[in-house]
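Features as listed in TrEMBL:
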type	residues	note
DOMAIN	1-193	domain 'YjeF N-terminal'
DOMAIN	201-459	domain 'YjeF C-terminal'
BINDING	236, 290, 335, 403	(6S)-NADPHX binding site
BINDING	372, 373, 374, 375, 376, 402	AMP binding site
Ligand SMILES: NC(=O)C1=CN([C@@H]2O[C@H](COP(=O)(O)OP(=O)(O)OC[C@H]3O[C@@H](n4cnc5c(N)ncnc54)[C@H](O)[C@@H]3O)[C@@H](O)[C@H]2O)[C@@H](O)CC1
Ligand SMILES: Nc1ncnc2c1ncn2[C@@H]1O[C@H](COP(=O)(O)OP(=O)(O)O)[C@@H](O)[C@H]1O
Ligand SMILES: [K+]
């Protein structure tokens, strides 16, 4: 801001915001627009955008929520364009009749939930038929963490400026943002080289996916070992193997009590009835899905010198010191409940603060942590950007889905991907496969596994 003429960035932001509102409205002339305006620059953006819409014939009403504390230049511009200003107490009807409500209450300067004066109008906007467009962020969410500590606006569209904020990518805040549209206001040269968060895109995943070369054989492609399943849960073993077979490793070894069930479904599996040490060489282990109380196998796997993926019962059975002492990397894949148990907090706490939970767990265990759920995050123990997966869908929330994911990620580890990449790519493919398989209808875990090849091809398109 210091480097540019006064207000230049705000004008760029307002122009992008007005254009997005116009797109949403289809026709601007004659439409009714209400601006909820807070005390800071977020309100300024809304007012300047409102002025642009008013000049194109919209009826624009501004509702300043912080009394006299309002962006003066923006207010003057709106008035010059024919916009009107209404006290919050008298704004209810305008909100009810609006085609569009613009949330300019707070942006990156906000803390805590909506204040008492703003919450009822935000609520009314949600109940009216109006489209709600949030400026930069839905007001009331924590910009840097995705936490929601009180009332927050629910938007249909969020027009954000310069860069995505963590709140637009991580639940529970992400749910409030609706569709997110990024407006480039020329901040890129000023942004830090290393972001807080990274979301892989198709091209990134395509570049990371292993592919066999002419001289490849099954061993050179990597062998993944699966130590999973129990007499009670043989299905977890079958599902982990189903994910592993589609993850790029050249072979899948299975050790555990579910060998018959695995072979019945997947005859290509190399089944061993001995423990991990005698099963033959692997380049990565997956241990834990449906494993019951077999702590001995978990300890044996952790003592190897290859990458290990710890999931489900394996997370509970693994000694923290054994994980910390490993010479090869470890990838842990808890859902919120498992992460909460390891951190000694309530599940709700993890769900409310996913980013800090993933980072904290990674630091405590000296392991890469893939935290599953509505937003999947992958955090490395040494810090650095956290990967956030953008392909997920709630249809993935089906029993056994996590077993498929652990097999898939283990296979990618065996193929040579670093834990962060294996986790990020696995979550990406798993989410995409879930979407392709579901197509708006319920799916079972094996549908996800069977659709991984389609997701893989889709990424290369
Ligand atoms: N920094 C930049 O480079 C740019 C910022 N712009 C806009 O400016 C915004 C940031 O502006 P500000 O720093 O003025 O901050 P905000 O407009 O987000 O909030 C400012 C004030 O709101 C009050 N406040 C805090 N929490 C509140 C709550 N929960 N309820 C009600 N009031 C609360 C406080 O008094 C605070 O000082 C961005 O989100 C974006 O919309 C854009 O104009 C483009 C350029
Ligand atoms: N609401 C949701 N939105 C998107 N993905 C979800 C949601 N809930 C669960 N998932 C995904 O579904 C999978 C469930 O795994 P998990 O909880 O281990 O179940 P299970 O133990 O039955 O296999 C994970 O990949 C998780 O990220
Ligand atoms: K806002």
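We count from 1, first residue shown onward.
Cβ coordinates are placed from backbone N, Cα and C, and glycine is handled just like the others.
In this structure, the binding-site residues 374, 375, 376 were compared by how many other Cβ atoms lie within 10 Å of their Cβ, and the smallest count belongs to 374.
Residue 376 (AMP binding site) sits 9 Å from residue 335 ((6S)-NADPHX binding site), taking the C-alpha atoms as the reference points. Averaged across the domain 'YjeF C-terminal' (201-459), the predicted model reaches a pLDDT of 97. Not a single one of the binding-site residues among 236, 290, 375 has a C-beta coming within less than 6 Å of an atom of ligand 2.
Listed in sequence order, the residues of the same chain lying 6 or more apart from residue 372 (AMP binding site) and placing their CB within less than 8 Å of its CB are 333, 334, 335, 336, 402, 405, 427. Nearest Cα neighbour of residue 374 (AMP binding site) among the listed binding-site residues (236, 290, 403): 403. For the recorded AMP site, residues 372, 373, 374, 375, 376, 402 set the reference point as the centre of their Cβ atoms, and the other residues of that chain within 8 Å of it by Cβ are 335, 336, 371, 377, 389, 392, 396. Within the set 236, 290, 335, 403 that the record links to (6S)-NADPHX, no two Cα atoms are more than 16 Å apart, and one pair reaches that distance. Within the set of binding-site residues 236, 290, 403, the entry lying nearest in space to residue 375 (AMP binding site) is 403 (CA atoms).
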